[in-house]
Amino acid sequence: MGVEIVINGDSPYGTSARLEKMKKSLKMYVEKVKKFPGLAWKMIWKVGREDPRRVIHSIKVGLSLTLVSLLYLLEPLFEDIGQNAIWAVMTVVVVLEFTAGATLCKGLNRGFGTLLAGLLAFFIEYIATASGQIFKAIFIGAAVFLIGMSATYVRFVPYIKKNYDYGVVIFLLTFNLITVSSFRVENVLKIAHERIYMIAIGCGICLLMSLLVFPNWSGEELHDSTAFKLEGLAKSIQACVNDYFSEEEPKAANGESLEDPIYKGYKAVLDSKSTDETLAMYASWEPRHSRYCYRFPWQQYVKLGAVLRHFGYTVVALHGCLKTEIQTPRSVRALFKDPCIRVAREVSKALMELADSVSKRRQCSPEVLSDHLHEALQDLDTALRSQPKLFLGPNANSNTNMLALAAAQARQKSGKDFGISLSSVKTDTSALLEWRSKRASEQSKENDRKVLRPTLSKIAITSLEFSEALPFAAFASLLVEIVARLDLVIEEVEELGRLAHFKEFEPGDAVVSVICQTPKAENAKPMENHLPSHGAAE
């Protein structure tokens, strides 16, 4: 009858559809392959344009590897050194880091760890040889166990783990290699000597490149990042308040947009804990290149970063007020627009002044907290007091007894539910049937309640006479909290200036001004992360 039977979907139409789909997939794959070189070049160009020091560091690494490769390429050097030249190449790959402090830390750890391990291995080998061939293996095994256990346990000490963990790992590795090899190899002293010699050459090349050829200082990185975090907080606060009182409706977005300048400003602060601690640790290894050669207070930068993070938490909460489900009408916000914007402007101005003082290494202005901030707070307080019905409702006097009425109702309900005498408890089968029917009705009511819960909660909230004013009350409270926490930031910056011997503030120094507009996304540059790798590869 002309009816086509299809088994497992293997019809001509199904086969052609699959072929068409495969052709489309292959075409899309070819298009992606064609676009890959252009996308790769754009990414490479973007990475170098964001920080030209990355290009310089790459050239330094390539030049260092070329220098140590001469130990292999030049015949006279290869004949004197032999195959042990590979240790110099490995040292350059592992030790040479982005900043001078990281290179010094890893280079000195590697050098001293190797030297101490070699000396201890020679001592153990001398005692094992003097004790005779019978006890040599037992003595070496016991030494490896004791030294390995002790070195591993020492790594758990916080100070050692923070500053010398890499050196302990290199010490343990070198000691085991030399000690165990000495049992089978006759001329192990020569091998150990050549290895120490090669590691010294590799560390020397790394230190030369890191300290003398366009050096990148960890201290400078930490200093600049601190000033950048202060500027980011200032821009975030100003943009957040401007958006809150903007007449335009915000665009709906799922999640936190990475292009949001408000988010960019405080994100660098919240993510800076490990970065600050690592940079401060590496900066403590760097030489004193200031003209006074005093010990720079790098830990004060870490302490200031902790205060900025606590300050940033309030900015995060302030930003959250822009995305709450219940929003205060813009007509109500307009009543408090001027004092709030003035408070935000003065706070941002103070933060920008602190960032400028840190960036220029000078004491902050004595008038960093001007009288304008106090006047703006007073105006905000006056504006809030002038609108009591927004927060208390039209029947403010009748609402004073609401808590007492609610407490009485709760006591009455509690006594009704739980004040049951033992004599009223049923013990026959009718009680069981009654309980089951009651339980079924309660479950049906609970299911209906779960379905209606979101709608009922919204209705219950919006039915409150002061519900529309509550979001703004939270916003204003957080804004005042920011002003209160600003004092702690100023104290830490002043302490940093005192410990770091910043130059005194002069009346001729420029005062930072803040423009009341939302910063564009391209103006908010995130803090770069140039932390060195922490691998202990040999």
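Glycine is no exception: its Cβ is also placed from the backbone N, Cα and C atoms.
Just so you know, TrEMBL annotations are computer predictions that nobody has curated.
According to TrEMBL, the features are:
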TRANSMEM  55-74  transmembrane segment
TRANSMEM  86-105  transmembrane segment
TRANSMEM  112-128  transmembrane segment
TRANSMEM  134-154  transmembrane segment
TRANSMEM  166-184  transmembrane segment
TRANSMEM  196-214  transmembrane segment
Answer with yes or no whether the transmembrane segment (134-154) touches the transmembrane segment (86-105) by the criterion of at least three Cβ pairs under 8 A, sequence separation 6 or more.
no
May I ask for the residues of the chain that lie six or more residues beyond the transmembrane segment (196-214) and have a Cβ under 8 Å from a Cβ within it?
53, 56, 60, 63-64, 67-68, 71, 81, 84-92, 95-97, 99-100, 103-104, 107-108, 110-111, 114-115, 118, 287
Lying 6 or more residues past either end of the transmembrane segment (166-184) yet within Cβ distance under 8 Å of it, the residues of that chain are 105-106, 108-110, 112-114, 116-118, 120-122, 124-125, 128, 136-137, 140, 143-144, 147-148, 151-152, 154-155, 160, 191-192, 195, 536, 538
